[in-house]
Amino acid sequence: MRPVATGIFKALVFIFSSLCAWYSGYLLAELIPDVPLSSTLYNIRSIGERPVLKAPAPKRQKCDHWSPCPPDTYAYRLLSGGGRDKYAKICFEDEVLIGEKTGNVARGINIAVVNYETGKVIATKYFDMYEGDNSGPMAKFIQSTPSKSLLFMVTHDDGSSKLKAQAKDAIEALGSKEIKNMKFRSSWVFVAAKGFELPSEIEREKINHSDQSRNRYAGWPAEIQIEGCIPKGLR
């Protein structure tokens, strides 16, 4: 190819390339929104700064259950005391019946009585089982509760040293399997029904004895708890 022809060919290629580049730029300008360059740069930088979406916190359930109780049931949670500073607690339908904040928990056996048909609290009381003669009064208190009552019992500190046969028999009559196995500072929780039967699948009782080789606290076993949902309308 002659030098003149070669030069003309290169010039044509250059002009064609320039036209293609110009047209591509024109199309790109038409497609991109009219946004200031500073905003574009800010948006690019902020991509890495945007917060990561998090799952919403789970909704709090009655008595701090992990999952809600079905309709037409009562939610309950019993927690024994643990050590000197972790107080026993009885929660029913998201109301703390006995606990540190309510100021009605003490050493011994703590009892809350609820009217099963209305869900209203009838009485709360504690009985010191380390000092004093409180076993007889506790037995009478339990025996005097009306029919169609729910009884919730939890220990704080020691619930056995002054516990006598009459009180043990009264609690055993409500269905307890562990009351006669209580030892010094045993952690114990118990739910009972008077005048009707609870479903067999409901967890009613748990006990944890003091054992120096495995106690969580110095001289005390770990606290224990049970929770559940009691159906309404039982006979």
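Cβ atoms are placed via backbone N, Cα and C, with glycine included.
Noted in Swiss-Prot for the protein shown:
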DISULFID  CYS63-CYS91  disulfide bond
DISULFID  CYS69-CYS229  disulfide bond
DOMAIN    72-233  domain 'GG-type lectin'
CARBOHYD  ASN208  N-linked glycosylation site
SIGNAL    1-29  signal peptide
With every protein chain in view, what's the tally of Cβ atoms within 10 Å of the Cβ of CYS91 (disulfide bond), excluding that atom itself?
23
Other CB atoms within 10 A, centred on CYS63 (disulfide bond):
23
According to DSSP, folded down to helix, strand and coil, what is ASN208 (N-linked glycosylation site)?
strand
Taking just the CA atoms, what is the gap between CYS229 (disulfide bond) and CYS91 (disulfide bond) in Å?
12
Using DSSP and collapsing to three states, where does CYS69 (disulfide bond) fall: helix, strand or coil?
coil
CYS229 (disulfide bond) CB neighbourhood, other CB atoms within 10 A:
20
Minimum Cα separation from CYS69 (disulfide bond), reported as the residue among recorded positions CYS63, CYS91, ASN208 that achieves it:
CYS63
In Å, rounded, how far does the Cα of CYS91 (disulfide bond) sit from the Cα of ASN208 (N-linked glycosylation site)?
20
Between CYS63 (disulfide bond) and the residue listed as 'N-linked glycosylation site', how many Å separate their Cα atoms?
22
